[in-house]
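According to Swiss-Prot:
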type    : residues                                                       : note
BINDING : Gly209, Glu210, Pro211, Gly212, Val213, Gly214, Lys215, Thr216 : ATP binding site
COILED  : 394-442                                                        : coiled coil
DOMAIN  : 5-149                                                          : domain 'Clp R'
REGION  : 8-73                                                           : region 'Repeat 1'
REGION  : 86-149                                                         : region 'Repeat 2'
REGION  : 162-343                                                        : region 'NBD1'
REGION  : 344-442                                                        : region 'Linker'
Amino acid sequence: MHFDPNKFTVKAQEALQAASMLASSKQNQQIEPEHLLSVMLGDHDNIACQIARKLETPVDTLLSVVDREIDRIPKVTGASATGQYISSDLGKVFDTALKEAEQLKDEYISSEHLFIAMSEAGVKVSKLLKDAGIDRNAILKVLTSFRGSQRVTSQNAEESYQSLKKYSRNLNDLVIKGKLDPVIGRDDEIRRVLQILSRRTKNNPVLIGEPGVGKTAIVEGIAQRIVGGDVPENLKSKQIAALDIAALVAGTKFRGEFEERLKALVKEVQASDGEVILFIDELHLLVGAGSAEGSMDAANILKPALARGELRCIGATTLDEYRKHIEKDAALERRFQTVIVDQPSVEDTVSILRGLKEKYEIHHGVRIKDAALVAAAELSNRYIADRFLPDKAIDLIDEACSRLRLEIDSEPEELDRINRELRRLEIEREALKRELEATGSV
């Protein structure tokens, strides 16, 4: 096969470039499959490395074996060491990769095609891979968990593999790992959200409330209930994925890249047959996210999937942002069912603080009295007018614990102030003494 860079995906081109640089650094005139395999296994983001790890292959051991093979390749120095070329073995790998791409109905040669080709082309690295338990069937079996039913139809196709994993956080996993704070109260709102999620159509709740009233906490509470099995039968197997819009937009330099990522993510959610519920915090960011002049924004990509009921979604935004962005877009607004989240009463805030007390005690290493929790709820409600419960009460407790810990670990503030004043006066006294000595000597 004549080497044509335009037939390769961006990631595959990067791997080939890295292989060329590795060959140069080792003073090898020919670029061999060993160079390519070494750079692919050494890059944790490369799908070849991820497939090998999924197959439970000791990647570091395999990498050291490949590097030993590279050291055996003849070195060329002096006047004859001009120019680099692709070896006949690597040419065979390219031919096999092209056949693999055609067989998988892909339009470009990507990293996984090269990886399969290296195990199949009958070159030296094929034996190394087979000895490590990596062959075509094993790779293809694992590949579906990365690609699903996706095909390589663009040069950036590898960017869209496992989109859900890259651009969202699985709240169910965080609950199992104990990374989320317990959610106390909010039973009415949680029940209303579960009721909307159980509907056949228009099953997309949007939580509307002021900043700090606990909209995200409600969704975390639902994830905790799903993990605990305390939900209707039709929601017991569901996973909640919190979308990271910043990660989705980051690095999209060229027009169409953002849309491609989002479409891949939506396709992955659709392929789960309703098992994944997407949580979009700051829902208003979707209106206009990724849009440049003449291109679609994220909301327009989501609308068809929401309308057909193929995408189940929970949104969260403030009342002002909802009115400014979402209410104006009637087509988007009618896809969602609103759930108003008011700030809790002082009594409910005290209950929430009691539930969080243990987490803060462990973090700060101090004991929190119940009277302090009641005082935090009452005083924050009375004196902090521009913030909302329970957020401002939680902040008060956190701030007080932090201050107490600081005083325990270091000198008390009063003593520290007196010591600093003493040091300042001592420096002043020394300066005056030197001045007096100087005038005395004159």
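A Cβ is built for glycine as well, from the same backbone N, Cα and C atoms used for every other residue.
Annotation for Lys215 (ATP binding site): spatial neighbours Leu207, Ile208, Gly209, Asp281, Ala316, Val341, criterion Cβ-Cβ under 8 Å with sequence separation of six or more.
With helix defined as DSSP H, G or I and strand as E or B, the region 'Linker' (344-442) counts 81 helix, 0 strand, 18 coil. Using a 10 Å radius centred on the Cβ of Gly214 (ATP binding site) and all shown protein chains, the other Cβ atoms total 26. Within 8 A of the CB centroid of the ATP site residues Gly209, Glu210, Pro211, Gly212, Val213, Gly214, Lys215, Thr216, the other residues of that chain are Ala217, Ala316, Thr318, Val341, Gln343, Phe388, Asp391. Around the Cβ of Gly209 (ATP binding site), 21 further Cβ atoms fall within 10 Å across all displayed protein chains. With a 10 A radius on its CB, Thr216 (ATP binding site) counts 17 other CB atoms from all the protein chains. In this structure, the binding-site residues under consideration are Glu210, Pro211, and the one with the smallest number of other Cβ atoms within 10 Å of its Cβ is Pro211. Counting only same-chain residues six or more apart in sequence, the Cβ atoms lying under 8 angstroms from the Cβ of Gly212 (ATP binding site) belong to Gln343, Arg387, Phe388, Leu389, Pro390, Asp391, Lys392. A helical conformation is recorded for Lys215 (ATP binding site) in the three-state DSSP classification.
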